[in-house]
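The structure appears right after this line, and notes come after that.
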Amino acid sequence: MILPARTPETSLLRVLFLGLSTLAAFSLAQMELHVPPGLNKLEAVEGEEVVLPAWYTMAREESSSHPWEAPFLIWFLEQEGKEPKQVLSYFKGSLSNKPGVTLVHSISTRNVSLRLDALQEGDSGTYRCSVNAYDSDGKNIGHSIKTIELKVLVPPAPPSCSFQGVPYVGTNVTLNCKSPRSKPTAQYQWERLAPSSQVFFGPALDTVRGSLKLTNISTAMSGVYVCKAQNRVGFAQCNVTLDVMTGSKAAVVAGAVVGTFVGLVLIAGLVLLYQRRSKTLEELANDIKEDAIAPRTLPWTKGSDTISKNGTLSSVTSARALRPPKAAPPRPGTFTPTPSVSSQALSSPRLPRTDGPPPQAVSLTPGGVSSSTLNRMGAVPVMVPAQSQAGSLV
């Protein structure tokens, strides 16, 4: 490659080119964002507000912007493990911002400070401010970026107090205190209120865990114990009452607890028994009931049957024997006996006695008809079982 010979004119052009390049680079780097020294890391309390201070300047120019200057401003929030998110942007009079995020000053003053209202713990992170300046022709005349780290502190939430162990004389009891939320982590302090005021220290007190160990307690250690959880931005407290019992008092309390437990068990048992009984009665009411077996009926004997029971003989006539035989029509004025059937044999009626010889007994059938008459009529004597007054056969 052949290089042209260096002449004074060529050297001058080279110097001019390098100078213009330097001026162009300086013009792009003439914008600068500023953050006050020591304010690039801020801390604020949850629920309050904070201002992230920042402004930009143009080299060798006044602090106020020119009419032809058009800044493009963006504030980002960067959090660990999350994508950056835009919280505010401004360009040519158009402002877009999240709720609770505003600019402190007008953009024409080149002050781009950011205000955050009603802070929450989730607002912690690194805020990045980016400013690009354009001229009236839309040419970029400067760009700068600054970051501010914000840490939102949380005062301790009200803690909860409790104790472990049975507080009677000679035993050990541990008092516990814990706040569910605190940033930074809360430190704990225990003290006993008047009339026997006392502040506790290690090794009985664990300021990180919030526990206080009381050993070989006595009745003099009874009282109200207060736990205070605190950090750099606030504190909260709770209390617990310790009533040290003697042996007899402890026995009474234990008996009351056991009695209560037994009573609850008995009540539960009665309720279950009542429910089971009600269920059983309901099932019985819904069952289909069968009728009782009817008593057996004895068949009537036929006219020709003869039954002897316990030596009792009775005479009955069957339906066949009761049929009158075919005979000549009765004479006028003659009585025709009608046979009757009875389930019991009737004794012959006794006639009044006279001085004459005793009358001969006449065997009559029930209804006043003699057996001889029935025999002439064709009746057949049969034996049937007799029936007692209770309805049973004899």
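The backbone N, Cα and C atoms fix where each Cβ goes, and this holds for glycine too.
Noted from Swiss-Prot: C227 is disulfide-bonded to C177, selected from C129, C177.
When S179, S348 are compared with the annotations in Swiss-Prot, the one labelled phosphoserine turns out to be S348. A 10 Å radius around the C-alpha of N216 (N-linked glycosylation site) takes in none of the recorded positions listed as N111, C177, C227, N239.
Sequence-distant neighbours of C177 (disulfide bond): residues of the same chain at least 6 apart with a C-beta under 8 Å from its C-beta are P159, S160, C161, Y188, W190, G210, S211, L212, C227, A229, C238.
For the glycosylation sites shown (N216, N239), fewest C-beta neighbours within 10 angstroms: N216. Other Cβ atoms within 10 Å of the Cβ of N111 (N-linked glycosylation site), summed over all protein chains shown, number 16. The most densely surrounded of the recorded positions N172, C227, judged by C-beta neighbours within 10 angstroms, is C227. Between the alpha carbons (Cα) of N111 (N-linked glycosylation site) and N239 (N-linked glycosylation site) lies a span of roughly 50 Å.
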